[in-house]
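A.B. asks: Dumping what TrEMBL says about this protein:
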type: BINDING; residues: G9, P10, A11, A12, A13, G14, K15, G16, T17; note: ATP binding site
type: DOMAIN; residues: 5-196; note: domain 'Cytidylate kinase'
Amino acid sequence: MTFIIAIDGPAAAGKGTLARRIAETYGFHHLDTGLTYRATARALLEAGLPLDDEAVAERMAQAVDLSGLDRAVLAQHHIGEAASRIAVMPAVRCALVEAQRRFSARSPGTVLDGRDIGTVVCPQAPVKLYVTASPDVRARRRHDEVIASGGVADYQTILADVKKRDDRDMGRADSPLKPADDAHLLDTSEMSIEAAFQAAKTIIDAALNRN
Ligand code: CDP
Ligand code: CDP
């Protein structure tokens, strides 16, 4: 049986960093589900299509190829912004969730990170982590990432954007961001990447022993 690890949480909480490390350690397949929303948004933008036509966006979502997702190509700020706008549409979510569920069944195990993995995509996952950090800490991390890659960033602008994204993700009617009832909460505000990984590993090892 496939072993699924579901990781959810807000932007820049450290989900992706943690998910990649876990996948590497346990030899599991990893899917950053945010990229599926970003790829759909990018395809619409590239084709010059509107972001508010649900039927058009649904067709783009159905055509997303999970093997061709590249964070470097999809990282741009305007793509993330467009992704969070189309992510409120039920038809888009339905198409992407179907592809994500197929991915989650890969053997011997999978790690999926996003906003609704433990609540909607894989509610049966034996391990659910809800990774969070304060908005200030998350904005600081995003800011430092941009500076480290040689870009220009304004902390206050990034903080406002993080809060706007949180409101949209937590406030939407379909699959809002929230911890599953059986999720382990991991607040990484004061935690190093290593400390967060060790905390997750303890939880995963206990669940693997039970299964
Ligand atoms: O930029 P950030 O890391 O916050 O976002 P992302 O993980 O790349 O996801 C971009 C957007 O896709 C998010 O703001 C969500 O609105 C949406 N998303 C979602 O609705 N459900 C998921 N499972 C993953 C992402
Ligand atoms: O995937 P998500 O948007 O939740 O976040 P991420 O891309 O994994 O992490 C955002 C940034 O925070 C990265 O630059 C990480 O290196 C950093 N980070 C950190 O400083 N401390 C942690 N405990 C986790 C992540």
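Placed from the backbone N, Cα and C atoms, the Cβ positions cover glycine too.
Automatic prediction, not curation, is the source of TrEMBL annotations.
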A.B. asks: List the residues of the same chain that sit at least 6 positions away from T17 (ATP binding site) in sequence and have their Cβ under 8 Å from its Cβ, in sequence order, or write 'none'.
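C.D. replies: In sequence order, I193, A196 meet the Cβ cut-off.
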A.B. asks: Hey, what's the Cβ neighbour count for G9 (ATP binding site) at 10 Å?
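C.D. replies: Cβ-Cβ neighbours of G9 (ATP binding site) within 10 Å number 27.
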A.B. asks: With every protein chain in view, what's the tally of Cβ atoms within 10 Å of the Cβ of A13 (ATP binding site), excluding that atom itself?
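C.D. replies: Around A13 (ATP binding site), other Cβ atoms within 10 Å: 25.
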A.B. asks: Which chain neighbours of the ATP site, leaving out G9, P10, A11, A12, A13, G14, K15, G16, T17, have a Cβ atom within 8 Å of the mean position of the site's Cβ atoms?
C.D. replies: L18, D113, V131, A133, R138
A.B. asks: Give the sequence-ordered list of residues that share a chain with A11 (ATP binding site), lie 6 or more positions from it, and have CB atoms under 8 Å from its CB.
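C.D. replies: Result: R138, R142, V162, R165, D166, D169.
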A.B. asks: For K15 (ATP binding site), which residues in the same chain are close in space, meaning a Cβ under 8 Å from its Cβ, but six or more apart along the sequence?
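C.D. replies: Once residues fewer than 6 apart are set aside, K15 (ATP binding site) is near I7, D8, G9, D113, G114, V131.
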A.B. asks: Looking only at the domain 'Cytidylate kinase' (5-196), report the model's average pLDDT.
C.D. replies: 96
A.B. asks: Taking DSSP three-state, what's A13 (ATP binding site) in: helix, strand or coil?
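C.D. replies: A13 (ATP binding site) sits in coil per DSSP, no helix or strand.
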A.B. asks: Identify which of the following binding-site residues, namely G9, A11, A13, K15, T17, place a Cβ less than 6 Å away from any atom of ligand 1, and list them by sequence position.
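C.D. replies: Correct list: A11.
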